[in-house]
There are 2 protein chains.
Amino acid sequence: MSEDARFGLSRTVTLPGPLRLDGGVLLSPVDIAYETYGTLAPDGGNAILVCHALTGDHHLASNHPRTGKPGWWTRMVGPSKPIDTDKYLVICANVLGSCLGSSGPATINPATGKPWAMAFPVITIRDMVRAQAMLLDHLGIARLFAVVGGSMGGMQALSWAATFPERVAAAVVIASAARHSAQNIAFHEVGRQAIMADHRWRGGDYYHDSDPPASGLAVARMAAHITYLSEAGLTAKFGRRLQARDAKTFGFDADFQVESYLRHQGLSFVDRFDANSYLYITRALDYFDLAEEHGGTLANAFRGDTRFCLVSFDTDWLYPTSESRTIVHALNAAGAPASFVELSSPFGHDAFLLESPELDRVIGGFLQNGTPR
Amino acid sequence: MSEDARFGLSRTVTLPGPLRLDGGVLLSPVDIAYETYGTLAPDGGNAILVCHALTGDHHLASNHPRTGKPGWWTRMVGPSKPIDTDKYLVICANVLGSCLGSSGPATINPATGKPWAMAFPVITIRDMVRAQAMLLDHLGIARLFAVVGGSMGGMQALSWAATFPERVAAAVVIASAARHSAQNIAFHEVGRQAIMADHRWRGGDYYHDSDPPASGLAVARMAAHITYLSEAGLTAKFGRRLQARDAKTFGFDADFQVESYLRHQGLSFVDRFDANSYLYITRALDYFDLAEEHGGTLANAFRGDTRFCLVSFDTDWLYPTSESRTIVHALNAAGAPASFVELSSPFGHDAFLLESPELDRVIGGFLQNGTPR
């Protein structure tokens with residue numbers, strides 16, 4: 001493990017598998033792109049797995065090798081940060097189904113020598129977690145000091161505790177939910193239909209030329225992006241302010257700043273994300289229902305001795321506080337140790353990625369309390 | 001006016017105009033499709049104009065001539081109904097920019113002999129109201145006993161009172177707002193981009209063949225439809241229930257009932273609505289800001305002696321109660337008589353179109369109180 005001690009070591013491992021998926025398919029091989037930060041303690045007891053959100057990647061706290069941009073959670077992860085890489089070995093892996101290094105529709109199907117495209121098997125959040133468990137086996141990490149994630153990352157943290165309770169001492173679940181609501185599914189279905197409506201999608205077979213369904217993917221991203229922000233946040237940031245020319249054009253250009261902003265969100269997204277991966281990962285999210293996986297009773301998902309920390313944000317309407325409360329009630333019913341805090345933020349769901357000293361304190365404190373050393 | 005006395009008389013008038021639009025263009029001629037119900041009183045004082053919402057039409061209370069379906073507000077309008085066609089002459093006109101009989105992008109541009117398409121001038125809510133005023137002139141109606149509308153219809157009612165205060169005795173504004181918020185604009189921009197991303201949109205020039213941008217329009221409708229329903233309403237109606245086969249397919253068919261429902265909403269919409277009209281009317285909504293039209297102070301919009309009735313629904317997150325309160329505060333500041341009630345409903349924005357005895361009572365009572373006879 002000595003190599004992993006370097007800060008932000010990025011690599012991809014190809015594991016032979018097979019990985020048995022919830023859909024019944026055996027996937028083999030399984031590529032997993034991941035980064036590690038810090039050093040594994042001699043007793044192996046200081047590993048923290050951070051799980052990323054829908055469109056995230058494993059470049060957690062180091063600069064992105066291609067864009068040069070800082071990792072997506074540098075605020076939280078690093079030396080003397082709340083997830084302190086001087087104390088913990090921190091691991092972040094690109095999720096199964098994604099397009100940023102791990103196996104997904106854009107990777108090669110060994111049976112054909114061509115990209116899987118829509119022949120890639122439909123995956124679940126639990127399948128993502130199983131792939132991560134294979135990675136930990138490969139890294140020789142038997143048990144996690146903690147698994148930490150926001151949004152879809154929080155669902156993976158929940159699924160880790162439910163699927164491998166003996167391997168998770170603590171789980172931090174931020175701005176997340178134990179299931180996707182009808183409204184969540186509806187927004188994702190809009191995104192999927194936008195992608196499939198793009199004539200360049202071609203049933204997912206678009207990898208052979210450089211003409212992906214970028215317009216549809218941009219629309220999908222725009223719709224989703226609205227759900228990441230609060231109405232109050234949008235009003236504060238943009239309101240009805242017009243673009244620089246400061247007059248309505250009586251046309252269909254982006255007159256309002258919020259239009260221009262959304263268009264930019266859509267356009268910049270298609271440069272970094274694969275449309276088919278967007279289909280697969282939104283499907284995994286929609287399928288997620290931890291209670292259903294446990295006989296319809298959420299408390300049954302929590303039978304280990306994992307301790308939990310839950311955080312929600314008061315303006316998050318994608319995964320509102322009520323969803324976290326549902327989890328807390330189930331944890332209480334299961335007798336699992338759980339702390340819960342609703343933080344105040346104007347930024348809606350996106351708050352978990354933004355500057356938040358309170359969130360830093362909550363996570364830092366929770367991890368600190370579990371540190372036996 | 002004797003002909004108009006028949007119930008649900010539907011016709012289209014071509015007015016020479018010109019109609020001076022907010023964008024500076026003179027539109028001529030102006031087609032207006034409308035229906036009337038009831039009989040104009042000898043003193044002309046019993047006319048009620050009902051204004052429809054984004055995708056509505058003038059088939060208010062009679063069966064649609066093509067589909068045979070009941071009018072969209074038969075619940076509210078008819079003999080002995082809250083808007084009582086035995087007492088009032090009720091008028092409903094298809095809005096300017098629409099595709100259901102009134103002038104819009106699908107109608108013929110007299111300069112070219114071809115459909116206007118995107119050469120149709122961008123219009124505003126106030127332009128819709130001006131066209132309606134031309135219709136009333138044509139019908140010989142000097143002053144409205146009331147103007148009534150929900151959603152975009154409520155905006156027209158507000159704009160009527162602000163633009164022609166001497167012609168409006170009373171205004172009923174249901175589930176509406178005095179301006180479009182940043183989030184409202186954002187959702188509309190998603191819809192517009194979905195339409196424009198459809199390769200069959202072709203810059204709006206798709207009228208010559210039978211291949212309109214149906215996929216893009218369906219996606220636009222799906223995204224908008226989510227905003228018409230509450231999260232709780234979606235959960236109650238669909239939750240995470242699967243389709244009849246009652247098992248996940250691990251594929252991309254509509255596994256969940258909510259997906260199937262949304263897809264149906266999108267697909268059925270494209271049969272009855274024109275994509276370019278959707279662009280134009282959403283633009284008119286986004287441009288709507290009654291305060292801005294009156295020096296930045298909403299109270300300045302209300303200088304007549306119109307009396308107002310405002311109704312909001314507690315689960316409406318498209319035009320939430322706070323938007324109605326903003327209007328009420330402005331009316332109070334202007335010294336205008338105003339009543340306001342927030343009704344409780346699980347159905348979100350759509351509640352104004354659904355069975356609601358409370359809404360019936362509020363509207364019936366408000367109109368009754370104004371009846372001098």
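Backbone N, Cα and C define each Cβ position, glycine as well.
Since the structure is predicted, the reported quantities are computational estimates derived from the model, not experimental observations.
What TrEMBL annotates here:
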| type | residues | note |
| --- | --- | --- |
| ACT_SITE | B:SER151 | active site, nucleophile |
| ACT_SITE | B:ASP316 | active site |
| ACT_SITE | B:HIS349 | active site |
| BINDING | B:ARG221, B:ASP350 | substrate binding site |
| DOMAIN | B:46-355 | domain 'AB hydrolase-1' |
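Cα to Cα, B:HIS349 (active site) and B:ARG221 (substrate binding site) are separated by 15 Å. Across the fold, the C-alpha of B:ARG221 (substrate binding site) and the C-alpha of B:ASP316 (active site) stand 18 Å from each other. Summarising the environment of B:ASP316 (active site), the number of other Cβ atoms within 10 Å of its Cβ, over all protein chains shown, is 29. Each residue contributes its Cα atom, and for B:ASP350 (substrate binding site) and the residue listed as 'active site, nucleophile' these two points are 9 Å apart. Taking CA atoms as the reference points, B:ASP316 (active site) and B:SER151 (active site, nucleophile) are 11 Å apart. Ranked by how many other Cβ atoms sit within 10 Å of their Cβ, the recorded positions B:SER151, B:HIS349, B:ASP350 place B:ASP350 at the bottom.
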